[in-house]
Structures are given as C-alpha cells and as structure tokens.
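Pulled from TrEMBL, these are the features on record:
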type	residues	note
TRANSMEM	B:12-35	transmembrane segment
TRANSMEM	B:55-75	transmembrane segment
TRANSMEM	B:87-109	transmembrane segment
TRANSMEM	B:134-155	transmembrane segment
TRANSMEM	B:187-207	transmembrane segment
TRANSMEM	B:219-243	transmembrane segment
TRANSMEM	B:250-270	transmembrane segment
C-alpha cells in the first residue's frame, strides 16, 4: 500500500473523477426534487402506494448489487427485509415506543440482518463453491425464517403477523419523503460504488470468479462483505416499510417476496441500478393500483412479461433504451472494438522486487516434496520432488497427460493435492485457497486464456493490482502502476494503445499478452506459465521469450514454464524437468535432457511430432 | 413405533414420487425446473376434473400423466429451449412459468380449495392400528416407479441416448443422437411424472392453486442431495424424509417443516456432489 506513486493524483484524473461525482450529485439532486414535489400532484392514494413501493425499490437495489453486478442469484434478500420489519414491530409491540426505542430497534434490525448475512456468506461463499450452492442457501434462508416466525406464537403473531403497534402517525407526505430520500441516498452510494474500483471487482467476480482468485483477490471475503452490507440496507427498508404500513406478516420475510424482487430486477434490467428501482416501483405500484379491478389478470401479465423478458431480453426492458443509447453513442466513436479513451494511465511501479528478493535468498522460492495427486484410483502425479531456484527458468516438458498442468494446479491451489508438501519462500502452503497462495508470491497463467470479457484492458490491469495497491470504494483510480516487465509486454503487443478496449475484442496474441501482464502485475516471486506462447506468431513468441529471460535474469524470478515447442524451451530455459505418466523422469540442464536417450524414447513412444 | 416406521416409509415414498420428475429433468438437461411445483398442481387439478366428471378415480393418474406430457413438450419448445446456455436464467423463467400456470388455474377454477376422490379410501388394520391404505399404496408406487425409471434409463434405447446426452452432449450429437428430441422427450417425461405425482398425492391433500409450492423446495433439495441418481434419491428421501417425520413427531411440526431444507444445506456443504458420488 505504501508504494502507491504520488502520480495517482494527476490533475487530469482528478478532473475526470470529480466530474463523475458532480454528475452523480446532480442526478441525485434531480431525483430529490422529484421526491419533494411528487406528493403535491399525486393523490393521497397514489402517494400511499408509492411510499410502499419506494421501500421495496431499495430492496430491489440490493438484489441488483448482489445478483445483477456480482452474479449471485439470491432468493433470500427478503429475509433481511423481514428481519428489519420484525425488529420494528417486535420492539414497538412488546417493549416500548419513542425516538430512543425506534433507533434501538433499527440498530437491532441492521445488526441481526448483517450477522445473519455474514454467517450465510461464511457458509456459502467458500472457494470452489458452485454458484448453485449459494442460491440453495439463500433459498433456505427465508424458508427457515418464515418457520421461525410461525413458531413464535403470540410473540411474533405467528401466521397473522403483528399489526396496530404504535408508530409515528405522520402525514403521508412525510412518509413519502422519508422513503424517497432513503432510496435516493442508497441509490447514489450504490451508483458511486459500482463505478469505483470495487465495482469493477464485483463485475470481475461475476465474469470469472476463478481468475479473480488467482489474481489474489479475496473473492469470498468481498462477496460476504457485500452480502452483509446489502442485508443491512434491506433491513433498513424493511424497518421503514413496517413503521409506515403498521403491519408485518411472515410474507415480508418469505421466499415469494424474494423471488418477486428478482422479477423486478430482471424486468428493470440487471446491473443497471436504475432499472430495478423503476421495475420495483412500476410493478408494485401498478399491481396495488390494479388489484381492485383485475388482480389475477395483472399477475398473469407480470408472469408472461417476466418469462418473455428472461428469454428475449436477458438484460431487461431497460436494455432497449440503453442499447439504443449505446448504439447512438458508438456510431460517433466508431464501434466498441475501437480504442477509445479509457481514462486509465499507466505508470511504472517502484521496483521493490530486487530488494525484497535479496533479503529472502535463504530459503528457495519454491520447494516441492513428494507431491502426489490422485483422482480416485487414477494417480496423476506420483511423488514429485522439485526445487525452484531464484533466477531460474525451469521448463516442464512431457507428453500430453503427463501431469504438467496438474502440477501447476497443485502448486497454486492448496486443496488440489493428495499428498506431499509445497513450500513457497519458506512458507508451507497447507490447504490454502488460491488467493492466499498468490499472496505468498505465486502467479499463474492458464492454458486457456482466462480473462474478463466485458472489462477493458485497463480495468483488467487495475484488478491485477488489487493485491498490492488495494481498491477504493466510491472512487475510481485513474492510474495503474505496473512493474516494468508488465509494461514491456504491453508495449510489445501494442496493448498500451488499447487500454479502453473490452478484452473480448482482442486478438488471441493480445489476450495471451494481457494475461501475462496481469500475472506479472501481481509481482510474483514464482511464476507458473502454462503454454504461454500456444497459438502465437513467431515474433510474438520471440518477444515473450525475451521478456521471460529478462524476468529470470534481472528480476530474479523463478519461472515454471510448460511448453511443447522444444526449440523454444532449449533457447530460453536453464533447466528442464521431464514428466512422464505422473513421475519425474529427469531433472537436469538443457544439454543433459536433450541428449538423454530416455527422453527420446518417451517422446518417440508417444509418437509426438516433437523430435529432440 | 410401528406407526412411526410406516410414517417414515410413506413420507419417503411421497417425497420420492414427487421429486422424481424434477430429477429426470435436472439429470438429463442440467436444468432446474422451478415450474415443478406448478406441474404438481396441474396434476392435482387433472385428478379433480377427472373425478368431478364421474370417471373412475383410478383414471386420474394416467390422465394427469398424459396431460403433463403434452404440457411438458409444449413448455420445452416455447420456454426452455432458448435457455439451455443460461441455466440460472432457466430457473427464473420456469419460476415465471409457474406463476402463469397458477394464474391460469385461478381463472379456470377459482381460488377455492377443491377435492378429488380417492381411488381407495379408509384404513387397513396393521400391527393393531388402522393405517391409511392410500399411504401404504404409495410405498408400492414409489418402488415400482424407481424400478421403472431405472429400467428406462438402463434397458431402453431412449435411456441409452439420454445417458449419452448426460455425459457428453456434443459427442452424443456427433454420433447422430438427436439431442433436441431427447431433451424434449425428457422434459415431457419429467412433466408427466410431476403431474402424475400431483394426482397421486391429492387423495391425501386438498387441491388449491398453490398446492405444489411447498413441495417444490423440498424436491429440489432432495434431488441435489441425491447426487442425481435413482438410488441416491431413494436414500435421500428416506434419510431426510425420516428426519422430517422424527423432528415433527418429537420436536415440533413447524421445525419439522424446515428439516429437509436445513439438512440439505448442511449435507451439500460437506458433500457438494450429493450422496451418491465420491
């Protein structure tokens, strides 16, 4: 953290960022003006209906943050809404009423909701959990809570709920203003948040959670924290809803409201914040309005629209408008795949590596002892011992299925191996998750390029710096400080001119280059590269080879490289390890391995095109 | 004690029957059908219509299954097919479909609780006490259903194709298996099973537009815990259904209502692949 360059606050960037803040403040001011004047021209009935809808819209806002931005399909946000509502009703019914009691009840509601969400997060957001599992837990949550309310007897009012408790019998307009201001404030913070560094991380988690973990981003912790904060906001809106409507019922905490909030978000447009708010207000207000005249028909229409939108417009009705706007805008700029101003500038990070590495030369960067990996009866790796030295470029070769990629996996994820130990710079990795191992200084690139499709090159690089530079909520950094080798790769592949391009528009070579630059941006001590040059042209390959050699020689990195092209291997590596059927066949210098009869036999026996 | 054992067995049988359709669809199509509850409801109403028109109550089950099959094939074509590549969206779309079906039922039959005649009523004298004969029949139905489904998957051409699609859809397509047809048939079969299950449980319950909903979540949990296999589903139904009966009897029926959900969440945390794998 200490080495964020002072260049982070260049005047240009500050201006851009403050323009963003001012624009948001202006939007919020307009929204507040609408809220302030709305009761003047709405009738009492509509004001009443809309006040309820505004509280529910705040619930939809949290669902959008969790599902729309981060990709966690949650059925259980209603549980936190219900906790807030019941905190209000229970305190006012059983203990007392007044300003002090109200604040106390609100605090209790928020605290209970956040603790519940935190526990739910601990249970369901562990590394390797399937996205379905967290959905299952969020589905169980409201069901359990509803049953708890049912079993509360007279205390919770059981199935009929609590009503008629003392509350503030303010004018309806006052309640409308409270709900409106609360929603505008929550939405403004959410708006700034999703545009901040953390907002990019949420999208990155949605797009490619695994990659995030291998960049050292603590995915589980971020998800849990987000879940807890959103639970707190939902609890506040539930509290307001209960205090206003003076009725609470188990339905407020139920699974049906949870799914209904998903419908609002999906119809309004997930990942847009404004869409879900309008969706919630529109649907809830219209259904209250129509419930007298055509109640069943209205639900039917909502159902049909919902299914049609999910199938035909996955991004919601709002996408019709935003899509048209984007087309209009990009027509001027010449298409989304063209470089445009990304608003991100690259700077050089101070090179701390050489100094740090010198101090740690006592223990080798990486040591593997007796590493074994089995899947059932299939043994993929069997008793591998390798030690990687500082400044050494070690190539791992072997026929397909020899266990090369599995070896990389076992080093970079503590839960993969069956036996043996892996020690990174003197620290045994144990059963650590990938992000912890990245923290020890292990960087890994994947065999198949693994990036974040809808993020720009600049955003991807910013993400890769999370571990070192951190991220700020409500603020978007304008500079990315990268270590010199990463900058070199960006320059060699021309990526430094394309910082504003979304990665899905990049060519294969550029994607490989970007991935390598991202891994280098985490400033690893040990670099694991799985076929970094596969499918690249000769010049690209040479450029990467050149960078790798320099990384080992000048920066003292220990590099593990999986390669099939033995000419390339011979050119750049100073040590070769041969794997065959999960066993370490040979470990020696380039000459030893190249002249080995054993290696020739293995490759010839496998009938591979490579000849040594 | 004997009654308790019978309760456990019959509850497990009901759960198995109700969850089977959901599991077939999830197993072959990798798709979570949240309209499953609505399909159960449709089955219940099919039974109601059949008996209300004076036909034999035994006809309720084949009638419900036939109607369910047609409904399933249509739904697969219109709603499910565009969503194969977006599994989480498919959950939502089928949930929306459930809302639509429930509303159509309200249009047609109103919100009131209805009843369907039972094929067999009364009790059987067993171990000195009377026990509902329909519940006992359900045990046999569950066993036969389990055997039939196993036979379908392992002894027929359709089963072979379906298993090929489960394991590797692209390869199956390359071998000339019409995977689109397999999926359509599977969804039809799953819907038919769900509707038949609805008809099978109605003699014990009343029929109303939301009758399927409580069963949806429990079935979903059971299928996930089962690890998507027929013996696994039987085991999950026995273990979790048994736990539900025990908790309802000795602790409280309300806590009993959440036993399956809570236990399933815990089991899946420890064994993410479910009971029948690894």
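Positions of Cβ are set from backbone N, Cα and C atoms, glycine also.
Note that TrEMBL annotation is computational and uncurated.
Tertiary neighbourhood of the transmembrane segment (B:87-109): same-chain residues 30-39, 41-42, 45, 48, 75, 79-80, 209-210, 212, 216, selected by CB-CB distance under 8 Å and a gap of 6+ residues from either end. With pairs at least 6 apart in sequence, the transmembrane segment (B:250-270) and the transmembrane segment (B:134-155) have fewer than 3 Cβ pairs within the 8 Å limit; the two do not touch. Packing against the transmembrane segment (B:219-243) from elsewhere in the chain are residues 8, 11-16, 18-20, 22-23, 26-27, 32, 34, 36, 142, 146, 149-150, 153, 259-261, 263-265, 267-268, 273-277: each is 6 or more residues past its ends and has a CB under 8 Å from a CB in it.
Outside the transmembrane segment (B:55-75) by six or more residues, the chain places 35, 39, 42-43, 46-47, 97, 116-119, 184-185, 187-196, 198-200, 202-203 with a CB less than 8 A from a CB of the stretch.
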